[in-house]
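The feature region 'Disordered' is assigned by Swiss-Prot to 78-101. The compositional bias 'Basic and acidic residues' annotation in Swiss-Prot covers 86-97. The feature active site, proton donor is assigned by Swiss-Prot to Glu333. Residues or ranges marked as active site in Swiss-Prot (evidence: sequence analysis): His364, Lys474.
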Amino acid sequence: MTIASDAWQALADWQPQKLTDLVAADPDARLQALVRNVADIRFDFAKTHLDAAAIAILANLAEAQDFGGRRKTLFSGGIANPTENRAAEHSAERGDGAPESVHAAQALHQRMRMMIDAIEAGAFGEIRHLLHIGIGGSALGPDLLVDALGRHSDRYDVAVVSNVDGAALDEAFAKFSPEHTLVAVASKTFTTTETLLNANSALQWLDEAGVADPVGRFIALTANPGRAMEWGIDETRILPFSETVGGRYSLWSSIGFPAALALGWDAFADLLEGAAEMDRHFRLADGADNICLLAAFADQVYANRLGCQTRAVFAYDERLRLLPAYLQQLEMESNGKSVTLDGAPLAQHSAPVTWGGVGTDAQHAVFQLLHQGTHLVPVEFIVAREPDHLLDDAHHETLVANCIAQGAALMAGRASDDRARAYPGDRPSTTILLDQVSPRSLGALIAFYEHRVFANAVLLGVNPFDQFGVELGKEMAKGLAEGTVDFDPATQALMKAALGD
């Protein structure tokens, strides 16, 4: 057996204690061991089943899987994505990486600032709206940033359109006036079918509205400027980012342009600085002192010792309502793998299903299952100390009290002679407490999740930076639409029923 397989066996043999016993045994020591403050964010793992024995086992696993070496490769611009023979340099966009990559990112950010200056100076006419067209990582990040941080900004109206369903574009067209709209097409390859179809429809919308030089209203955010120029966008209106920045890690690059335009450059710079602070922590902290690695330890306990197939994230803050959807792609597209780095079948469970919602709404929808269902679901709560409104304090006090009470109730449960009213308890939760939802704190929070994903990938021995699993369905959709592939009778019958002959 290898050292890694020994560690996995030790985890299988490890016996978890009841949460209430763990917390009651030595509360001060537990808080010291499982609560961290990084970048003005409090990460509280005290209500998880982690104990000293589990942490020691998983620390041995991290060493066996060369966590230190893979982390160094990540930050030095080495081949962190071996299946595509690429680096993974999203941290360089925040100033932490190979010097040449950091300099390239700084040059890109300067071009972004110049583009914003040009828009504000009227180079594209009187622009009031930005229609951002992308999908996946080219849309989820910008949408999250603008929705979370743009509540008090009146700079520009931004609509992020990702779905190829024409209703999505129709909705944006209804809100915007063509003569005052700029269109950003975001695609790493500039070959994404849905994005280009939406871009062509937006071009037609501008043309039919009588906009002079409609293609001149387009800018491109891409790692393939040649394809963007072939589509018709002038080189001066292309903001190119590096191929070594993965789509779901790209909001720090020109993909984040909608946020920089809508919020202002200072806010975008604060976002980068918050992420950079988390980068420094992840790069320098070792073992369980590293909050991203500690979080991965908890993830592996639940996925590969206690058999949890899902993980729920609930943001008790309306501004973070899009965060669960963002994390779904980040976590499941990164670590939803079944093959290790050396091509062997993965013996452990990979990423669980990530899902969630916003509190307190979710309490009236899904918490029944969390408290009394037969599935054990680790829950993550995210809440801020400071509200973003001027309403009565009772609003925020009630919100925070509900968030904290849910974690306590999941852990403690409640006995009852009436089984229908009994709560089994011993259900784990993590609480992430922000001082406030700001560009800096959101940058740090997103970077925490990125590095947590990477730490989990190291423990599992998988590559978190490829996504070959998304290709087959797209290829088959193309063949089905074009009629160039023979499909099974059931699929042919369904296609005929949906679209006719």
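Each position is counted from 1, following the chain as shown.
Glycine too: its Cβ is placed from the backbone N, Cα and C atoms.
Here the features listed in Swiss-Prot are placed on the structure.
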residue: Glu333; record: active site, proton donor; Cβ within 10 Å: 22
residue: His364; record: active site; Cβ within 10 Å: 9
residue: Lys474; record: active site; Cβ within 10 Å: 12
Taking only the Cα atoms, work out how far His364 (active site) lies from the residue listed as 'active site, proton donor', in Å, as a whole number.
29
Students should find that the Cα atoms of Lys474 (active site) and Glu333 (active site, proton donor) sit apart, in Å rounded to an integer, by 15
